[in-house]
Amino acid sequence: MNPLERYAPLVDDPEAFFTACDRSLPSVVRVNTAVTTAERVAAAFDEEGVRYEPVGWHDGLFRLPDGHPGRNWPHFHGWTHGQEEVSILPGLALDPQPGDRVWDACAAPGSKTTQIAAAMDDEGTIVANDANLGRLSALRHNTERLGITNVVVTNQDARNYSTKPLAFDEFDRALVDAPCSCEGTCRKNPDVLDEWTLEHVEAVAGIQKGILTRAVRMTKPGGTVVYSTCTFAPEENEAVLDHVLDQVDCEIVPCDLPVKAVPGVTEWDGETYDPSVELARRIYPHHNDTGGFFCAKLRVDDGEVGT
Amino acid sequence: MSERTNRGQRFDRLPATPAERTVAGRASRREVLDWWDERFGIPPVTFEGYTFWEKGAGKVWIFNGEAADPTSVEAIGMTFLRTRQEHWKPTMRAAQRFGRTATRNVIELDPEQAARFAAGEDQSMPGWDGDWGYLIVTHKLAGEQASLGVGLYLHGELRSVVPKGSREDLAVIDRD
């Protein structure tokens, strides 16, 4: 069975959803604003004769209709990074500022790490962690290629992360872009649907809960934690938020995204979730012609009401 | 207790000056700043706020964040400079990132030469009458000079030292 069929009751137009999931995605690059501007990248593409199209909802993204995002001069200079459009959303929700201390819990291969670093003007500290040592080389390659100097790379299990090697023990912001069943990436990697099992969904949900709990605990009161996945499975999305709301002092806050998105679901498969999970955002492929995505913004409680 | 020898698998901060050096052969911050200034005309103020660290024999990293005990982390910042050899060598990415303000030992390539350089090819450069050794290599892109990285000039030839994984066959930009 195609696992996407289980989501038909959640989407407004199942046929459009299935059709979009079958189409391949265009190549997209993000401008590395740590070292250059979108105007200069566009001018370089013009000189070189590389075709590109703007992405209406974000100035720093270009679609490359002829593909090959790594075979052009801006890429050689570290001015661009190939990154799927929806993948920039958690970084936008996180809204990191220069000088912040930011934890990127599951950072490899570093697309979001380097986006966050650029948003911080390469100032402050971003701690990019990944449990998988093999994947850290891709992260290292990308931070190096993009000229990022404010990153600390660590190799720990994020569920019981230790800040001992760091100069501080709490963060201003944290991103948990969690390992997941990746259904939303089916437009670039259809194999994820063949490999899908409910057992994997349930196992990975346990890991997600552990990482998000740790992220909230390590973020200072009033700080921001963003949780994101590239799956449609409520078990890995709203159910994880519901669990964490019970475990640690935090609340879900509105997450303004510059794309069409729909609220999180409060019921699934006989379970009901905290009503505030509606503030999370589901991004379906047929709404913006992108991959699928899930994104929620949490605020760590600081004892004050209504701030 | 300070270590007297360099340990390859951990990061250690460079001493501020040669007088404060406790590990034999380790470059000091002062020497690193002076080297970029003397070699490329990139003033020390450029690197204010950055710290320098050694990991691996002679490999110096540049870091712009906070790190108290970076002995058990995988990386801090980016690789910057290869020391502990007669001729120090900036990394390609450091030359791209910081090389654009260089005023000395900078060689500008025309579009064909730039494409050969990016592909990793060595090429004859009879017109160069500056220093031998590591040069910052630039070309014009989108209206300004952009640093391509580092080249090694010897005996009338510019060797591309672009690492294999970063080489690309790119279009020759048409300037006509």
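The backbone N, Cα and C atoms fix where each Cβ goes, and this holds for glycine too.
Annotation source TrEMBL lists active site, nucleophile at A:CYS230. Counted within 10 Å of its Cβ, the other Cβ atoms near A:CYS230 (active site, nucleophile) come to 23, all protein chains included.
Residues near A:LYS112 (S-adenosyl-L-methionine binding site) in space but far in sequence (CB under 8 A, at least 6 apart, same chain), listed by position: A:SER87, A:ILE88, A:PRO90, A:GLY91, A:ASP104, A:LEU175, A:ASP177. Per TrEMBL, S-adenosyl-L-methionine binding site is recorded for A:CYS106, A:ALA107, A:ALA108, A:PRO109, A:GLY110, A:SER111, A:LYS112, A:ASP130, A:ASP157, A:ASP177.
Among the features that TrEMBL reports, domain 'SAM-dependent MTase RsmB/NOP-type' is placed at A:17-301.
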Original post:
Cα-Cα separation of A:ASP157 (S-adenosyl-L-methionine binding site) and A:CYS230 (active site, nucleophile), in Å?
Top reply: 20
Subject >> Three-state secondary structure, which DSSP defines for A:CYS230 (active site, nucleophile) >> reply: coil
Subject >> For A:ALA108 (S-adenosyl-L-methionine binding site): intrachain residues, at least 6 apart, with Cβ closer than 8 Å >> reply: A:ALA128, A:ASP130, A:ASN132, A:ARG135, A:LEU136, A:ALA138, A:LEU139
Original post:
If you draw a 10 Å sphere around the Cβ of A:ASP157 (S-adenosyl-L-methionine binding site), how many other Cβ atoms fall inside it, taking every protein chain shown into account?
Top reply: 13
Subject >> Helix, strand or coil at A:GLY110 (S-adenosyl-L-methionine binding site) [DSSP, three-state] >> reply: coil
**OP:** Rounded to the nearest Å, what's the C-alpha distance separating A:CYS230 (active site, nucleophile) and A:CYS106 (S-adenosyl-L-methionine binding site)? Just drop the number here, would you?
**Re:** 13
Original post:
Given that the record lists A:CYS106, A:ALA107, A:ALA108, A:PRO109, A:GLY110, A:SER111, A:LYS112, A:ASP130, A:ASP157, A:ASP177 as binding S-adenosyl-L-methionine, what is the largest C-alpha to C-alpha distance among them, in Å?
Top reply: 20
